[in-house]
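Colleague: According to TrEMBL, the domain 'Aminoacyl-transfer RNA synthetases class-II family profile' annotation covers A:33-431. The annotation L-histidine binding site is assigned in TrEMBL to A:E78, A:I79, A:T80, A:R108, A:Q122, A:D126, A:R269, A:Y273, A:Y274.
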2 protein chains.
Amino acid sequence: MKIPPVKGTRDFYPPEMARRNWIIDGWKSVSIRNGFEEYDGPIFEYLKMYQVKSGDEIVEQLFSLQDRGGRDLAIRPEITPTLARMVNQQINALPRPIKWFSVPRLCRAERPQKGRLREFFQWNIDIIGIDSPEADAEVIFTSLDYLRRVGLTAADVRAKISSRRLLASVLRGLGIDEGGLDAMYALLDKKAKLPADTFDALLAEQVPDKGQAARISDFMALDSIDEIQRVVALDDEIRAAIEQMQNVFATLELMGVADYCVFDPTIVRGLAYYTGVVFEIHDIVGELRAICGGGRYDNLLRDFGGPAIPATGMGMGDCVLEILLHQKGLLDSQVPPRRLEFFVACADGALAKAMYAVAARLRACGRSANFSYKLGGLSKQLKEASAQNAGRCIIIGQEYLDKQELIVKDMASGEQTQIHVDRFLSELGTT
Amino acid sequence: MKIPPVKGTRDFYPPEMARRNWIIDGWKSVSIRNGFEEYDGPIFEYLKMYQVKSGDEIVEQLFSLQDRGGRDLAIRPEITPTLARMVNQQINALPRPIKWFSVPRLCRAERPQKGRLREFFQWNIDIIGIDSPEADAEVIFTSLDYLRRVGLTAADVRAKISSRRLLASVLRGLGIDEGGLDAMYALLDKKAKLPADTFDALLAEQVPDKGQAARISDFMALDSIDEIQRVVALDDEIRAAIEQMQNVFATLELMGVADYCVFDPTIVRGLAYYTGVVFEIHDIVGELRAICGGGRYDNLLRDFGGPAIPATGMGMGDCVLEILLHQKGLLDSQVPPRRLEFFVACADGALAKAMYAVAARLRACGRSANFSYKLGGLSKQLKEASAQNAGRCIIIGQEYLDKQELIVKDMASGEQTQIHVDRFLSELGTT
């Protein structure tokens with residue numbers, strides 16, 4: 001019986017696994033150097049966790065299931081609700097700010113397409129307990145710190161920054177009532193992804209008043225904070241939202257990544273829970289989906305039954321990132337090849353016992369070591385050693401029987417030395 | 001709205017995450033030093049993948065779900081079927097032997113209890129393409145290599161080894177027909193876990209002939225291979241099974257772990273697909289479930305539509321292991337505490353800009369650095385630095401404004417030095 005894999009999932013054979021590990025190890029090390037601590041939650045939660053604030057798109061894409069007691073569960077499509085639940089559970093014990101990161105495996109029942117799979121890994125960083133714009137800037141900086149580390153320059157990627165708070169104030173000023181805001185966010189979030197005609201038609205449907213629709217479109221076309229200050233009727237809320245954004249940009253400048261960053265009012269984000277600065281990082285060419293996105297979500301912890309505590313964060317999936325790195329030649333050139341320290345070979349099958357023993361002793365010393373089960377000729381074993389990218393080959397031959405000496409062959413230089421097994425192992429020490 | 005976590009799942013706050021990472025990093029590094037390469041598959045597969053050969057217990061515990069097309073899926077309860085599928089898919093391209101490892105997240109709809117959760121991590125190692133007993137020995141050695149590395153001695157844990165092939169031959173010899181073997185395995189696997197009375201009652205139910213039942217019980221009570229050779233009526237198949245086991249023990253002796261290993265005919269394993277040597281590692285006290293278990297499964301690839309290729313492997317979950325390590329005082333003593341290289345503080349809020357800039361530059365140098373958002377007094381910031389276990393504190397004060405010099409305070413010795421920011425950073429280099 002032959003059963004295929006489920007469409008939209010990936011098999012990670014050792015070469016793909018090495019790429020995935022390289023990406024995830026980079027995320028982890030950049031998180032740690034930026035002062036974040038790692039957490040994780042369960043792969044599934046109660047279904048209603050995702051029906052609270054995640055927005056319609058996420059809810060439609062849930063993989064839901066039931067436990068044996070008939071309770072409705074869902075595989076996590078994002079980790080932020082879990083984060084909110086976990087922080088709320090220990091809110092009085094956790095020192096603030098809470099700077100946490102995670103690399104959850106997530107599942108969404110989407111139609112598989114380029115850069116979008118039904119199962120993926122997503123780097124998440126969040127700062128909870130700080131309402132100052134510097135925290136938003138630190139989230140954006142950390143995302144860029146990773147992208148810069150893997151070799152993506154300001155000529156490759158752009159962080160596009162806007163503000164839900166600004167957008168909300170502007171929309172209110174243009175006569176959109178409070179109850180209509182979520183639907184407007186969902187629509188405006190699609191602006192950059194849709195052909196202009198399609199977007200205009202959808203906007204006309206949602207905002208029948210042509211003048212009002214035109215003013216919304218005009219705002220979405222502004223391309224600097226200065227222009228907003230010139231064009232938009234400023235009230236205190238808009239002024240405050242602009243000042244927040246300006247502080248974010250100023251901090252990003254201090255942190256040395258201003259060249260990656262622009263203001264872009266079309267950045268809205270699909271998730272319903274954002275309340276302040278929002279951002280996405282895109283490839284400059286603009287042919288891929290967002291590499292990452294995030295923003296401030298000051299009400300989410302309260303919405304999950306906790307206190308009102310400000311928060312800001314970001315998520316970066318592995319699919320789009322991997323496509324971009326591959327396009328730029330930054331993937332296979334940086335993923336380290338498999339490397340084996342020692343390959344233990346024996347000149348003849350009668351010496352296999354010594355081969356097992358020496359391999360086991362090398363491993364106990366903390367060294368990676370392999371051997372061949374085939375017990376073919378020495379040249380075949382050396383070929384297998386090369387195929388496994390072994391640094392050195394230990395050859396067990398007559399010298400071992402005579403005086404317990406090994407031949408140690410450096411696979412790069414071909415140089416051979418002969419040494420007593422105990423001396424060799426004691427010189428290796430333990431790692 | 002307050003939503004609880006699902007029972008039988010775990011929240012990994014940073015301290016729990018550090019423990020999990022330490023365990024998993026150990027598994028990975030021991031796998032690599034034993035010559036295994038990492039792979040992974042999807043978190044869900046088609047439901048029928050687990051209905052083929054996993055056995056009734058696993059099938060009852062599946063978390064099943066449907067995709068949007070109504071196809072039946074299940075969250076993986078084990079990774080071996082995925083491994084069989086993946087190997088079969090690329091059977092002609094993969095160099096053999098295939099020595100692979102994985103650390104999948106698995107889910108089983110069990111009643112949560114000590115050492116058994118509904119979601120857990122399991123270290124898996126497998127050697128595919130080798131039918132010799134040395135491969136079985138290498139799997140057992142690698143498991144023990146990890147346990148020994150984390151400090152568990154032969155006084156703490158015991159590898160109990162038997163053979164499905166031996167058991168099958170003995171049962172056939174005692175008149176159990178081929179169709180009854182799977183049910184016998186399932187029952188005999190429970191022998192060590194049930195009170196003797198309960199087991200005897202179940203055996204009597206399954207084997208009504210009292211003489212036959214007694215002879216099965218007698219076999220299960222034998223405690224050495226010598227005894228089997230003395231007591232059991234030997235045929236060629238039994239002799240061959242015994243010779244295989246003897247070779248496994250001989251190789252384990254060569255590999256230096258004989259003191260951990262014993263023959264134990266009560267080791268049967270619950271999964272249906274084992275065909276040869278099987279083993280479990282238990283705590284010596286015997287109060288916990290098995291730490292790990294595995295064995296030879298020579299038919300599984302063929303059962304999944306591939307060629308007949310021999311295979312042997314093992315799985316070790318994190319739950320029982322963590323309980324045992326904790327009991328032995330080997331967990332918190334070995335998990336490294338959070339460590340921050342630098343905490344950047346400023347003597348006054350006006351210097352915060354420089355603080356952000358210096359922190360960003362340290363991070364870009366590959367160093368972990370944090371700062372306080374509170375901008376309280378210097379002593380409060382130093383306290384935060386201590387709480388985060390910072391190695392050094394960088395203090396930005398008047399010297400920075402005057403001549404761009406930092407004060408670098410070693411948090412252990414209290415020693416302070418003053419140095420130009422550019423010189424300091426260039427001396428740090430990049431890591």
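Glycine residues also receive a Cβ, built from the backbone N, Cα and C atoms like all the rest.
Can you tell me where each of these features sits in this structure?
Modeller: For the recorded site, A:Y274 (L-histidine binding site), the DSSP three-state label reads coil.
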Colleague: Averaged over the domain 'Aminoacyl-transfer RNA synthetases class-II family profile' (A:33-431), what pLDDT does the predicted model reach?
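Modeller: Mean pLDDT for the domain 'Aminoacyl-transfer RNA synthetases class-II family profile' (A:33-431): 94.
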Colleague: Using DSSP with the three-state reduction, classify A:Q122 (L-histidine binding site) as helix, strand or coil.
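Modeller: Going by the DSSP assignment, A:Q122 (L-histidine binding site) falls within a strand, counted as strand.
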Colleague: At a 10 A cut-off on CB-CB distances, which of the binding-site residues A:T80, A:Q122 has the highest count?
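Modeller: Within the set of binding-site residues, the most crowded position is A:T80.
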Colleague: Give me the long-range Cβ neighbours of A:R269 (L-histidine binding site): same chain, 6+ apart, Cβ under 8 Å, in sequence order.
Modeller: A:R164, A:Y185, A:D189, A:V278, A:E280, A:G293, A:G294, A:G295
Colleague: May I ask you to report the DSSP-based helix, strand or coil state of A:E78 (L-histidine binding site)?
Modeller: coil
Colleague: Looking only at A:E78, A:Y274, the binding-site residues on record, which one has the least crowded Cβ, with the fewest other Cβ atoms within 10 Å?
Modeller: A:E78
